[in-house]
Each structure stands twice: as C-alpha cells, then as structure tokens.
Amino acid sequence: MTPCTLVCGTRESQRQEYDDFIDEFMRAVVKRYGQNTLIQFEDFANHNAFRFLDKYLNQYCTFNDDIQGTASVAVAGLLASLRVTKTRLSDNVILFQGAGEASLGIANLCVMAMQKEGTSSEDARAKIWMVDSKGLIVKDRPEGGVTGHKVHYAQVHAPIKNLDEVVRTVKPTVLIGAAAIGGVFTPQLLKQMSTLNKRPIIFALSNPTHKAECTAEDAYTYTEGRAVFASGSPFPPVVFNGQTHYPGQGNNSYIFPGVALGVICAGVRHISDEVFLIAAEVSYKIFVLIISGIASVYPEPKDKEAFVKAQLYDYNYDQTVLPPTYPWPEVANML
C-alpha cells in the first residue's frame, strides 16, 4: 500500500482538474500493477466519496471503506442484535444521528438486507430516518440540504430540529450515531429509548472516544442494563446491578482487512455491495464466502480456507531471510 495525499482547492473551477487527477491516478495504478489491483478510498469528502464510488465501482477493483466497510460492520452488529430482540431487521425502525458517508452506507446496506427478507426497497427506506445538522431529513425541508444520496431517505413528515423530539415522534427501535458529536445521546434520550423498547439497540459508532455519542456506562445505566450496545471506540466492561456487560465494538477494522484479503486472493474484479452484505452476515468466514461464486482464480481451489491461509504474510523467519520451502508430496514422486 502506498499512501497518497491529494491537496486540492475547493473552487468549482478546480473540480475538473481534481477529477482529471483522480482519473489519471486510477489509470496509472492499474497500468503499473494490473487490473486486479485493489484500490481503497478513505477519508474523501462526503460528496466526492459517493461520486467516485459510483463512478469507479464497475470500472476498477475498488471500494470505499468509510461507506461500505462501516456499513458492513454495522449491519453485522444489527444482525447479531436481532438474536436478542427476536425480530427481523425489517421489523425495526432505524434512526441515524448523522447523514454522512457512514450513515448513508449503513442505510443502503440495511435496505439490501431487508430486501433479502422479502421487503421492498420502498418499504425498507420507509423504516429508516436520518437527522443531520439541520434536523430531520424530510421532503421539502425549508432549511434545504436534502441533496445527493440523502434524497432516498427523505420522509414525508413535518420538519423536526431536536433529536429528542425526533425520538419521541419516530419511536425508533434502533439508534445509530455516526456524526462525531460527542455526548449527543443524552441521559434523557437514552431513557426515552428504554421507555420505547424492551431491548433498545444503541450504536455509538463515532470515534475517537471523546466523539462517541455516549459511553457504554451511560448506555447501560440509563436503559437499566437493557441496551444492546456497540461503539466505534473500545469501552471497558460495565457492571450494572451486579451484572457485567461487555460492549460490542463496531469498527470497520474488523471487516475491510478480510474483504481485501478475499478480493486479492480470489482475483475479484469488481466489489459489489453484495460482498459487504455477505461480510456482515458471516464476517468470521468472510474470505471463504467471497471466493465462492465470484472468483477469477482457476482452477478453483478445493480447500478454499487453506488457499486463503497460504496467502497470508508469514512473519516467522526462523533466523533466515529465505522463503519457506516445502517437500514434494509423495504422490508427485510416483509419477
């Protein structure tokens, strides 16, 4: 991996120059390293992140970790939470604090997951609500700002600016924070979630820790220990009423390395959102499932898990810099 920092102005007149530079970079990488080179986008501005993902998705082997990786680990957490709430994802009402890359990516993957349950995309989007810096995202919002991918999640509803009021009105079963506003999940809001739900699902995904929407201790304390909680930053176990709660960690570092490994090993040319939904469903076997069905490596390895393990970096040098060698199998000597 070669990190590359792009320094560009923000004037509209420079946008074409910026786009041309990215185009040139993408072509140069593939020309130099081959068409299966995996290119990961990270920390691009919201409008550029979606624009480039839409543009390059079916042209290169690429993905955006802020959008797709975060979405995958969040949906994995949601699917795991359903075992506790005994519901389908489609049965839930999901409220996002934030409407940037992370929230929109999670929402898009949630829609895909609900569709697999038999819910239409229209009905799935109706289950998803978002709050940005101007309030609840609704159609014809007087304050404006409902543009780009936000449009898909604009509900027919009166504008509401206050998050607490949104919770009281929308009555979410799932509350997800991904706007890096520390402490926005107040004790009052957490208590409200606890009143609305027997087992409220609360994900405070922003990091670092001081930007988390709430702490694990607050989540468990103000929901009387009933929250299904995960965070983007690590929190220590919380003891409440004599019971120890272990917070889940919803960080995309648990997803994108496996996706990247599977893609590289299998020679996947284009990385669809379906790959990240597969990753969410079975993250601990992610590379095995990626290889099944969409690989360009021939002949197909019989033992796929062993094949992937063989691609891993070997840090055991055994006092030599020479690569490891293996004896010929006995059957080969018989030929």
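Placement of Cβ uses the backbone N, Cα and C atoms for every residue, glycine included.
Asp66 is the residue from Asp19, Asp20, Asp23, Asp66 that TrEMBL records in the divalent metal cation site together with Glu42, Asp43.
Counting only same-chain residues at least 6 apart in sequence, those with a Cβ under 8 Å from the Cβ of Asp66 (divalent metal cation binding site) are Phe41, Glu42, Asp43, Phe44, Ala49, Glu101, Ala102, Gly105, Asn252. Sequence-distant neighbours of Asn251 ((S)-malate binding site) (same chain, 6+ apart, CB under 8 A from its CB) are Val73, Asn207, Gly232, Ser233. By a simple count of nearby Cβ atoms, those within 10 Å, the most crowded of the binding-site residues Glu42, Asp43 is Glu42. Annotation note: Asp66 (divalent metal cation binding site) sits in a helical segment as assigned by DSSP. The record gives Glu42, Asp43, Asp66 for divalent metal cation. Within 8 Å of the mean position of their Cβ atoms, the other Cβ atoms in that chain belong to Phe41, Phe44, Ala49, Asn64, Asp65, Glu101.
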